[in-house]
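See structure below.
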Amino acid sequence: MALFLIYFSGLQGNSCTRVSYPTRTMCVLQGTSVNISCTYSHPPDATLNSTYWFKWRANQEPSDLQSDSEYEGRVEYPVEETGRSTLRITDLRVTDSAEYRFTFKTSHYKWKSILHGTTLTVTGLRVEVTPVATVTEGQRVTLTCITSCPLADKPSYIWYQNNGPVTGSENPKNQLVLDPVGLQHAGNYSCSVRNYPHLRSPEETLTVQCTMSILHHTSSPPSLHVSCDHAFHQLNLCVLFILNEMCLFFTVLQGNDDWTVTYTSSNVCPLRGSTVDISCTFKYPEKQHDLSTTVLETLWFTKEDRNQKPVDLLSDADYTGRVESSCGEISCIGSSCNRKCTLSIRDLRQSDSAVYNFRFKTNQPDLQVKVSPHDDQYIKLDCDSMCGNPPIIWYKNGEYYGQERSYGVSINSIDSFSCAVEGYEPIMALFLKYFSGLPGNSCHRVSYPTRTMCVLQGTSVDISCTYSHPQYAQLYYKYWFKWRANQEPRDLQSDSEYEGRAEYPVEETGRSTLRITDLRVTDSAEYRFTFKTSYYEWKGILHGTTLTVTGLRVEVTPVATVTEGQRVTLTCITSCPLADKRSYIWYQNNGPVTGSENPENQLVLDPVGPQHAGSYSCSVRNYPQLRSPEETLTVQYAPQTPSVSVSPSGEVVEGSSVTLSCSSDANPAANYTWFKEHEDSVGEPGQNYTITHITSELGGHYYCQAHNAIGRHNSTLLFINVTDKSSSLTTVAVRTVAVLLVTMVIFLLIILWMRRKRASRKASDQRGRPDTGEEPFPDPEYENLPLTNRLAPAAQREPIEEQDDIHNVSIHISHSENQEVPHRSADSPVQSDRAGPSRVQPNAVPE
């Protein structure tokens, strides 16, 4: 924008309403803080009513960021100057990337903030390895610490290998060059920006290969296990890692040109108790049969359960707390996509020697109906599988048809055909779309784009399908139902179990959607669609969409009761993988854990401390009200430094009773033992130690020891001074005499004050008598002088300002209250015997 108008018609710029942003774009590191500022002005005669910042969202009314739940506890407006405002956002997240604007309202005008403000980009760090992440020793490798935007200040970068800083790597450049690369360079690399070492990038693994295939071999060659799951297009590839005397360098590839799993070359020479990383990269087509490919699940496993289903290592009891599985971002080039996954096993054991399988599932069926000409009247249908020749089942118009490998069909048929592998009927081959040049919608069919769905309990879900029928057939009805074995289908909208929760939103021709709200775990089921035309009723025999409704639960590993200093991992677990990659939020004692929101479903406490003890729960972002049940983490720790006390406090008299007390924070609760310095324990163990009849021999330094199963800690020394009774009586007598003397002095001062007050009253009465021939007393010219000066002869009077020293004071008390006051001559001073104090010169004796 052009600069705001500063002068017009001779008026100063501050007489107009304006907002100016000194910085238009900002790039800040994720996890840090940022200050965004602006200047503003308004006419001096206008009253400022309100000011605030907001995140600009198209077609939405601005709302104060301080009341925005997305920024709760992270936004503040520091103390502001007149005409200047600052927005501070802490604990920045990538989702905070947005344009921020300022608005204010005066008694005359509201600034609507239509003009652009400051655009903030929040970036994380990531490591990029070139030329590739798997290289041969001797090559040149460059690691680059990448941000999504250039950081404002030119920062220095720090590199880490296997969680340790790389010596001499800190420099202003964001690259680490390994030339030539060697076996010592293999490992996991991450980077950070100086001053923020805790904000590291995700790790990237660099694999360095040797020039030989097997370094040492003492047993049979490694076995290779390949399996194919007919339910989904997936490839399982497993390599036997021998964890004792073998080092292997090899690359294994399985699949066809479109679907592959590649295990990267690895130097597997781990020792018992160490850590090993196993990585693979899988490839799949971005789209197949007009259906975009979605990866539904990835997992590693070494064994299967009794139903021959793989047991995910993350939930395998043999690996509890020792395995982590992670996958990088999906990279698509052309029509092919690939993704890298890594399995990390810590604290290796001999029993970990096994065949490790990797599996990934997509929404693509691995079956396909192929059509080929047969003769002038028929075409041939083949059920083609990528996994060999498994037993096949054919369906015609959704009903069982046969189990031959192929069938001949009339070119004039308007029926639909599908096939499945026996035992895996939920996954059908794509329906036949064309017969004899007729479009697919001229036959009866139903297709479900999503076969399985995993949705969070308490939320809503939309399940959809497409359907078709001959154009000349009239549609009578259509509805969704919950499939129940041996039961007739029933429209969900009339099902009491779904009352008020099931609806069919406005539908398009040939497409239907079922929406279920307020999902419950009991809603987990298979949902199918049925319809009837004037020629045919689609009975919904074929499988539809299987919905799994999951809650959240917290799992603590290794156990829920741990010792201070251990590594604890809390995992937010669902019974199935949620469709979208969610961000998880953690709560401790009902309060959010700062900085815990991230795409990973784990909260790692390493090392764990007493402050981490409490009740934990988790939620998925956008659904903070749908929290998991709480799981209690108990942290045991050794006693802290004990605090000690003595009762009664102060000096202890011989023969009296004394109690020593000790307390310490510990879990489990501490036991206590008292000791006298340089001696063994005294008394029975316990928090308190009482000496009922103390003697001087029992005096001295004492301390207590607090101990539990975790450890022990000694208190500081406590000194007990024991005095005998005679000393105590003398002390009491001295104190008593002192109190009596103080009391007597106070009593005398009160009497003197009362006498002086009485004498003052009498003198006042004498000054008030008429025609006495006597001069009033005291003389006004001496009224403000000290009494000493007024009574002394003029020659002996000292200037007031010179009488600053403290002098001795003598007091003369008159014995007659009626004593007459003498007359004074013109040349003689007044002398008086009035009752009251009389001030004299130092060391003077009263007359």
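Using the three backbone atoms N, Cα and C, a Cβ is placed for every residue, glycine included.
All TrEMBL annotations are machine predictions without curation.
According to TrEMBL:
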type	residues	note
SIGNAL	1-16	signal peptide
DOMAIN	127-207	domain 'Ig-like'
DOMAIN	554-634	domain 'Ig-like'
DOMAIN	642-723	domain 'Ig-like'
REGION	761-847	region 'Disordered'
COMPBIAS	762-772	compositional bias 'Basic and acidic residues'
COMPBIAS	773-782	compositional bias 'Acidic residues'
COMPBIAS	814-826	compositional bias 'Basic and acidic residues'
Three-state composition of the domain 'Ig-like' (554-634), taking helix and strand from DSSP: 3 helix, 37 strand, 41 coil
Helix-strand-coil residue split for the domain 'Ig-like' (127-207), DSSP-based: 3 helix, 37 strand, 41 coil
Counts by DSSP class (helix H/G/I, strand E/B, coil) across the domain 'Ig-like' (642-723): 3 helix, 41 strand, 38 coil
Averaged pLDDT score, the domain 'Ig-like' (642-723): 89
